[in-house]
Amino acid sequence: MQTLSTSVVSLHSYVESHTNEKKLSKTSDKKVSIIYFLALFYTFLSLGFGAGLIGPTLLKFGEQINSPLDRVVYILFARSFGFLVGTLAGGFLIDAFPLLGRTFLACSLFFMSATTIMIPFMYHIIPMIMVHLMWSLTAGVVDNLAQLLTIRYYAQVNFNPYLQALHGAFGVGAFLSPLIIAPFLQSTSPPDQWHYAYWLIGCLHIPNLVWISIYAIRDELCSKKPKEITLENKEVILEDTKLETTIAPDDQTKSPGKVLFLGLITVFILLYVGGESAFGAYIHTYASLHLNFKKDIAAYLNSVFWASFAISRFCGVALSIKLSAIQMLLADLFGCIGSMSLLLILNKSSLAIWIGSVLFGLSVGSIYPSAIAFTEKQISLTGKRMSILSVGGSAGDAVIPLLIGYMINPKLLGPIGFIIILLIVIISASLIYGFTLLYVNFQLKKMKNTKK
């Protein structure tokens, strides 16, 4: 759901970096608050908590609603669809009501906390799917608003490190969540013991809700100068429009070359996001069914993956200074193929699954920001293009986990189908990326010959 680390706003940050130069001269005297950033950091930590819960409890959902796994996976589809809609809704809300961003964020956190607490009370598949859909809708809004509020507040400084830290917080939350739930999944625990983990995580959202609500009440609901702020926002929007027109004169053109490039990158992101989401959702199920891991031990395996994912995100900030986006993507894709091949070849080894999970997390963590940086080098990322990439990522997040859930049915591929399909997805993504590089090089040579 990093993923979703795939929202429109995170993509928008690359375009915003061009427009910030003029705003710097007007707002450089404003002091930034690290306390406010910690509140937003906590928000992404909460998103990570929710994303990390789903994998270790997928089998528990099936037991509670008395449904086979191939029906339970529709929960994953509902979450992905809801997140996409929530992301788009969050962008609409902040554009339509630019002065109420923190208020909408606080309301969304309230519903995210409430739906997390409600999930254990669902004993039929339709109500379970509906509650997960509600959670993902609000999570999509939270994801979008938190990033945009970060960009706006820290526009007078370099906000990219703050955004990178937000995405790292998601990984930390996804790492901690399985650790929290593991003690409730022990074989000696009552069947419904996992309910307490959801209630605990739901309550952990409450301090964040209060924190953001204080800012919303102080800075938005009780603000005494809304007209001045509105005029300032309008001025900034006009400045941004002029700057974007100057910097990206090709935004209105629709050459076949740009369309094909954007299509290739969209398919690449679709495959990558789907693979990352599927691994986080199914590694617990695979370890339990194929290697007979105890459910609490398999939950720790989930944590190991998300820990390596978070480390990769944080290390990617430093590595991106020394390496180009192309170099990072090549290294990451080789790492993904190598780790999945290890899991397939040594699929009966308990040690291999631990090593493979760590290697896959380290490799997959920095692919998304590197892919966006690579795209931004080739074409100007307008709002429409960013939306296309976002929809592609969300489609992968919905379709690939659903496909794996269907194929790991014992009558088809069985649990090993999880590894086989993921390896095919990663190899396909690598081939798409290789073809994209060849196409970019071909376009560059074509441009040089035209100039001659």
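Keep in mind that glycine also has a Cβ here, set from the backbone N, Cα and C atoms.
Noted in TrEMBL for the protein shown:
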type	residues	note
TRANSMEM	32-54	transmembrane segment
TRANSMEM	74-97	transmembrane segment
TRANSMEM	104-126	transmembrane segment
TRANSMEM	132-154	transmembrane segment
TRANSMEM	166-185	transmembrane segment
TRANSMEM	197-217	transmembrane segment
TRANSMEM	259-283	transmembrane segment
TRANSMEM	303-321	transmembrane segment
TRANSMEM	328-346	transmembrane segment
TRANSMEM	352-374	transmembrane segment
TRANSMEM	386-408	transmembrane segment
TRANSMEM	414-442	transmembrane segment
Completion exercise
Near the transmembrane segment (328-346) in space but 6 or more residues beyond its ends, with Cβ under 8 Å, are 275, 316, 319-320, 352-353, 355-357, 359-360, 362-364, 366-367, 370-371, 374, 416, 419-420, 422-423, 426-427, 429-430, 433
Problem - Leading contact stretch, 104-126, 259-283, 352-374, 386-408, 414-442 vs the transmembrane segment (303-321) - CB distance under 8 Å - result: 352-374
Practice task
Please work out whether the transmembrane segment (386-408) lies in contact with the transmembrane segment (104-126), by counting C-beta pairs under 8 angstroms that are 6 or more apart in sequence and asking whether there are at least 3.
Solution key: no
Completion exercise
Ranking 74-97, 132-154, 259-283 by Cβ pairs under 8 Å to the transmembrane segment (32-54) puts first 132-154
Problem - Contact call for the transmembrane segment (74-97) and the transmembrane segment (166-185): at least 3 Cβ pairs under 8 Å, seq gap 6+ - result: no
Problem - Tertiary contacts of the transmembrane segment (414-442), as residues 6+ beyond its ends and Cβ separation under 8 Å - result: 260-261, 264-265, 267-268, 271-272, 274-275, 278-279, 282-283, 285-286, 289-290, 326, 329, 333, 336-337, 340-341, 343-344, 347, 378, 400, 403-404, 407-408
